[in-house]
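Novice: Handing you this structure, nothing more for now.
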Amino acid sequence: MGESVSRFRYRSVATTAAVALTLLLGAAAGCDSRQEPELPSVQEKLRESHIWGQPVLRIGVAEDEPLMGEVRNGVHVGFDVEIARYIAASLGYVGDHRIEFVSVSTEDRIPALQGGIVDLVVSSFSITEDRKKHVSFAGPYFVTTQEVLIPTRHRDTIRTIEDLRNPKYKICTSGGSTSEAELEEHQVPMLVVKDVRDCVKGIRAGRYDAVSSDLTILAGFMARHPKDFEIVDMPFGTSELLGVGVPIGDPALRDLVAYFLHKSYQQGLKGEASPWQTAYNRTLGPWLRVEKRQPPPLDVPELVDFDDKVPQR
Amino acid sequence: MSTAAATTRSEPATDVGPPSAEPTGTAAGGWDQVERRARASQSFWTAVVGVPAIFSVLRLGVEAGGELQTTLLLVANVGPVNLLAGFLTTAARLLSTVLVAVFALGGVLAASAHGMPRRPLLARWMEITPSWFVTASFLIALVTWPLLYLPLLLPTLAAAFQLRPERLHEHPVVRALIVAAGYAGYLWLLLPTLRIAWREGATLPILLLVVPPLLALFVAGPLPGVVIRPLASVTQLAVLVVLAWAALPVISTPVLPLTVTTVGTSAEATEEIRGHVVTTDDVNMVILQERGGVRYVPVEQVRGQVLCPSEEELPRHQLRIHDFHVEDSLLEGLGRRVRPVHRMDAACR
């Protein structure tokens with residue numbers, strides 16, 4: 001009898017505790033369902049960025065870097081331009097009427113961002129510690145190396161970095177580029193011009209003997225003049241990480257660009273046709289000897305977006 | 001009325017079957033009960049039809065931004081069937097939550113309120129509601145609640161129907177084994193999700209997934225008299241407050257889908273209007289703008305239109321249970337499997 005009373009008591013205490021806990025958990029679930037997401041959303045970042053409310057997005061691109069960024073029949077084409085279009089579309093700027101492509105030379109990329117002339121720069125912009133003091137980078141979206149483009153007339157004479165140091169050869173490069181710093185480090189005397197295009201023109205006119213730049217840019221000129229030039233693989237030893245330049249005062253925009261580059265990277269990992277892969281196949285792909293893949297972007301923020309609930313498998 | 005109900009029920013703690021199954025006592029008491037049930041049934045069905053109708057009309061007023069003429073425009077163009085279907089789509093979760101809460105509390109109170117001079121309201125509701133309706137409410141909750149909150153259905157189900165573990169098997173050892181095996185299987189199913197939640201430090205999701213099945217073992221049974229009196233009065237008030245609190249977002253949920261319409265007279269000069277399309281005729285497309293105001297756009301100027309999600313649909317958690325997002329209901333999760341790729345149009349940004 002006493003045992004059954006104590007069991008009844010134990011039971012009613014347990015029931016009380018269970019009912020109270022169920023009510024508590026129910027209330028917690030109710031509060032949870034009304035809370036804002038813990039992570040910032042893409043929309044929030046967009047509202048924070050300086051492009052919010054802008055009717056068009058101004059993107060700095062190269063206008064005469066074949067395969068990367070050039071104007072053909074009045075339309076901007078190239079790998080950088082395709083990447084720029086993908087980022088713009090992801091940010092809500094679909095179609096060329098919502099994008100203003102601004103041609104920027106190699107040396108004008110940082111001033112254009114600092115001066116507010118462009119909102120983004122997608123123009124073979126190598127990520128370096130020195131440049132990070134002036135602009136922010138999202139990416140990398142491509143990893144390339146520094147190489148040398150020579151005219152076929154020098155096919156047998158310019159083969160090594162030592163050959164570049166020979167004073168009888170005039171080596172050309174574009175001002176403000178990483179190639180300029182790299183040649184300097186290897187004590188290669190050089191002539192600095194505004195763009196790689198000017199170097200190529202100069203070689204064709206006989207003023208210069210070789211041009212050093214990123215493989216991607218050189219491959220473009222190779223594609224334009226396949227019979228006149230040759231790319232020489234030289235052991236400069238550094239890889240160039242190409243990133244999207246963003247004004248240093250707009251971390252929200254940098255985060256958004258990094259997020260969308262990462263989204264494309266993940267699509268590629270899953271074997272889907274990512275925007276990056278499509279851009280690559282349409283432009284650079286056929287002209288590079290070694291097949292490239294999209295590198296994983298760095299410092300990607302965790303953001304919440306509308307398609308986060310979509311099945312991942 | 002309530003005294004009659006209390007005295008005529010032979011086993012109020014366990015009897016949750018349909019009203020006809022109950023013993024009726026004296027002839028006069030039987031008539032009284034029949035009449036009471038008929039009236040209760042009438043009010044019940046009036047509420048079932050009336051509440052959604054009133055809610056729907058209220059929602060139109062909110063949707064129109066409080067403007068009388070805009071409300072009338074919506075009333076003129078949104079059909080009653082569409083309105084009711086729209087209401088049920090967005091409010092099914094709230095309705096089932098309220099019903100489940102009422103029935104669970106009603107079950108607990110009914111089981112505990114022996115000898116009370118006046119039986120608590122929720123207990124009386126529980127007693128007059130047909131059991132098929134209670135079951136249907138739980139089934140609707142099962143398919144509309146987010147997966148994260150679904151485990152809470154177990155203790156509420158046990159409370160509503162007063163299901164005790166004793167029902168599983170008469171032998172305590174076998175019973176314990178069945179419960180342990182069931183719980184182990186449940187944890188095994190959730191293990192990958194729990195591991196990620198632990199890594200992310202998400203305490204509430206872990207509690208919501210792990211604890212409720214254990215509570216279901218103890219929740220059925222009479223509560224002590226000390227607890228039952230305050231619980232009866234507090235829960236009635238709490239249900240009303242929670243109903244009002246939860247109804248606000250439902251009233252302000254849009255009736256019409258959110259779209260972005262691109263309009264323009266030429267290819268270059270275009271404008272994007274974010275809002276809800278009220279109606280389209282041969283001359284105009286009528287758009288209720290998201291920030292208020294109605295626009296009549298000539299149909300020949302419409303260049304394109306896309307459907308957009310609203311920010312309320314953004315997920316709060318990053319957890320998945322076997323690739324089903326924890327904030328999706330079973331229905332939504334299945335829907336995403338039928339149409340897995342959801343591409344949001346950039347114009348919605």
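Every residue gets a Cβ built from N, Cα and C, even glycine.
Not measured: the values here are computed from a predicted model.
The following feature annotations were taken from TrEMBL:
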type: COMPBIAS; residues: B:1-11; note: compositional bias 'Polar residues'
type: REGION; residues: B:1-29; note: region 'Disordered'
type: TRANSMEM; residues: B:44-62; note: transmembrane segment
type: TRANSMEM; residues: B:82-111; note: transmembrane segment
type: TRANSMEM; residues: B:132-152; note: transmembrane segment
type: TRANSMEM; residues: B:172-191; note: transmembrane segment
type: TRANSMEM; residues: B:203-221; note: transmembrane segment
Novice: Counting only residues 6 or more past its boundaries, what in the same chain has a CB within less than 8 Å of a CB in the transmembrane segment (B:44-62)?
Specialist: 71, 74-75, 78, 83-84, 86-88, 91, 128-129, 247, 250-253, 255
Novice: Counting only residues 6 or more past its boundaries, what in the same chain has a CB within less than 8 Å of a CB in the transmembrane segment (B:203-221)?
Specialist: 107-108, 111, 148-149, 151-155, 157-159, 162-165, 179, 182-183, 186-187, 190, 193-194, 197, 317, 319, 326
Novice: Give residue numbers and ranges for long-range contacts of the transmembrane segment (B:132-152): same chain, 6 or more residues beyond its ends, CB-CB under 8 A.
Specialist: 16, 18, 92-93, 95-97, 99-100, 103, 126, 160-161, 205, 208-209, 211-213, 317, 319, 321, 324-331, 333
